[in-house]
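Q: I am attaching a structure below and will ask some questions about it afterwards.
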Amino acid sequence: MKRKSLTSFSISLCLLFTAVMLQAVESAKGKYAHMLFNKLFEDYSNALRPVEDTDKVLNVTLQITLSQIKDMDERNQILSAYLWIRQSWYDAYLKWDKDKYDGLDSIRIPSNLVWRPDIVLYNKADDDFSEPVNTNVVLRYDGKITWDAPAITKSSCVVDVSYFPFDSQQCNLTFGSWTYNGNQVDIINSLDSGDLSDFIEDVEWEIRGMPAVKNVITYGCCSEPYPDVTFTLILKRKSSFYIFNLLLPCILISFLAPLGFYLPADSGEKVSLGVTVLLALTVFQLMVAEIMPPSENVPLIGKYYIATMTMITASTALTIIIMNLHHCGSEAKPVPQWARVVILDYMSKIFFVYDVGENCTSPKREKEEECKLEGDDGCQRRHKEVRSHLSNRNDDCDLKEKLNGNLNKSYGIHGEKVRETVNCCSCYKILIKNIEYIANCVRDHKANRAKGIEWKKVAKVMDRFFMWIFFIMVFFMSVLIIGKAA
């Protein structure tokens, strides 16, 4: 037990001694850091370019790390991004011998104490012209300064919405010195592309790459070259949100437009359905117009909306014309012969259109089925009864005349009895004339009614024809927009 206690006590003493030594070393490094800081910045000025020879070019290495895409404003064509900007250069006046300062090889100091290159975002689209974030810089013994600063940038981006919502965008981020030309400060990109290792996935955009290209441009104001580094951010839109909220409802609504031709004309809802669908598509069109910039490039979904609205307008106009044919009535002209041949004979069979009020089973088939149930004798008996009933009405007068003649001859009836017989025959003649008039009126009514039924059938055939035509148009437009997106 005593040995174990002595061992634990010795270990505690060793740990305490190590902690004291480390604290002494840290305090020694802190002491040397203060001495070094006072020595370096005793006669240092951060206003001048830190080179020993003014004709020498100062190289600044630039590296951009994309952390997050905050917003893409298509209407105002502004890209908001969260970047980490790393700049490194060599300061000829901030060097020291690390052996003289107990091996101290680097210190961290505020960035406003040293000279910094005035590298800015050329295509900046922000109203805030504030200074860069004053984060610390890392200063090494050989004079190398590394400055890491976060930045939320708003840059102008030319947005092409021709294939919205299946579009891809390329936004440039151009960095360069604002006052120093290429003979004074040269910009070197450390990588061939931006760093995407710490990128946070965006819900709307997918990053396809961020290549970097160095450009040397001579502007009209100055003869010296001005170098810059342009990072091209390649974005691909994730279209699932727009498919389920803008495109799919439009496709479903557009398939309702041809069904307006299938509605019965007497329902009174054919035109109201077309107008309702047109108003619904107008609402979706306004939603797309609020998102897109007011440019000449009409987005793909906008073209689809316009084509669908044009189709629905045409279908509503055709519905009005077909309803006029349906309500022609008995006062209209008869159906032309070519319309009877083309529409009533051929097109009605192609589109399975039957007479108005009929279903798949025609009245002729129903009568044949009734005759089969009653038998052939029953049908023949019914036809004979109808014919005998009609013939008896026409022969009543002749029978009366024959009977009256026979009575006159047999019994020699004269005078008042003869006059009564003649009056009775004349009454029958008047009755027959009235019956013939009524029969002619009924016949004319049936002819006029048949004329109206023919026009209704023509309207029904045209409804069915345009219904299939517009169904095919909607289908091909939907396939076309999906094909262009692919």
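A Cβ is built for glycine as well, from the same backbone N, Cα and C atoms used for every other residue.
Below are the features I grabbed from TrEMBL:
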- 35-238: domain 'Neurotransmitter-gated ion-channel ligand-binding' (DOMAIN)
- 246-481: domain 'Neurotransmitter-gated ion-channel transmembrane' (DOMAIN)
- 1-27: signal peptide (SIGNAL)
- 241-264: transmembrane segment (TRANSMEM)
- 271-292: transmembrane segment (TRANSMEM)
- 304-325: transmembrane segment (TRANSMEM)
- 465-483: transmembrane segment (TRANSMEM)
Q: Which listed stretch (241-264, 271-292, 304-325) has the most C-beta pairs under 8 A with the transmembrane segment (465-483)?
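A: Against the transmembrane segment (465-483), the leading stretch is 241-264.
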Q: I need to check the long-range neighbours of the transmembrane segment (241-264): which residues 6 or more away from its ends have a CB within less than 8 Å of a CB in the stretch?
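A: Sequence-distant neighbours of the transmembrane segment (241-264): 164-165, 204, 270, 273-274, 277, 280-281, 284, 287-288, 301, 304-305, 308, 311-312, 315-316, 318-319, 322, 463-464, 466-468, 470-471, 474, 477-478, 481.
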Q: Averaged over the whole of the domain 'Neurotransmitter-gated ion-channel ligand-binding' (35-238), what is the pLDDT?
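A: Taking every residue in the domain 'Neurotransmitter-gated ion-channel ligand-binding' (35-238) and averaging pLDDT yields 89.
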